[in-house]
């Protein structure tokens, strides 16, 4: 196979990120496929940073194996969080009275934990608070994030004060940056990181609120045109949710897809300008988009499995991710570095909801 180079865009989605683990594991099998850059958010940031740290640790097949070991470590540790051991996991966040332990043994762990996050803030637990993800990341076999490497890494987090995204790039990607990207505010305290632009310690929440993931860092002229998006949150559900839980789940999915859809619309708009010859001599990259997803599987899941993972579910996600990546390579390997495999006309049907017509944009800009 002719050598190809791609960028990876990895969505967040809690424990559903094990799907991305499976995708990455399969892509690492292909020696002809080079990963030039990774942009990740939340679980996508965990996966991306672990992958890049492994690739930076060694060259060639050694780096790919190191990346596999890092990813396997993260998800095996996350897999320790199972329903039968939920109390032990909750203890890592805050002390649980024995009376509450008995309740968790009787009732749904998710229902109990969901109620706790609605009633209490992570700031209520004083000195007992801890983020268990920190220990998982620090004990990876190859734990050096952001090391100099032929694969660039970008991690997105959301500034709590401004609501703006902050993309940590390369050496800026630290354990704290990854934790910030995966900081759901109902579970974790905001992560404080120095911002040289403001000269202050800023606090950050989950990057999914502002970019899930951010695609624009991958538009850099020195990077390949191809972006392979590993999609976790369903873009479409055929049924309108009716129950409170289903409504909340769909609101969450829509919220975490909004920024991504805006960027995809912008890419589609630029493509139209290129196709119509309106960008000759102008610097605006014509990105080639690809997606690896399994919406059938994701439509069967809910927010419950995102925050209380079961080892069996993680294995199911991993297997599905490998299968989806395998199917993608079978159908679209020849499209890489050549053409889009995403059908933008299906994703964004022409109509009043699309961006303004290029001629209208020109008229407005001239007058």
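Our numbering is plain: 1 for the first residue shown, then up by one each step along the chain.
Each Cβ is built from the backbone N, Cα and C atoms, and glycine gets one as well.
Range annotated as motif 'GXGXXG' by TrEMBL, chosen from 12-17, 18-23: 12-17. Annotated by TrEMBL as motif 'GXSXG', the relevant range among 30-34, 35-39, 40-44 is 40-44. Listed in sequence order, 12, 41, 42, 157, 158, 181, 182, 183, 184, 185 are the same-chain residues six or more apart from residue 206 (active site, proton acceptor) with CB atoms under 8 A from its CB. Computed over the domain 'PNPLA' (8-219), the whole-number mean pLDDT of the model equals 86.
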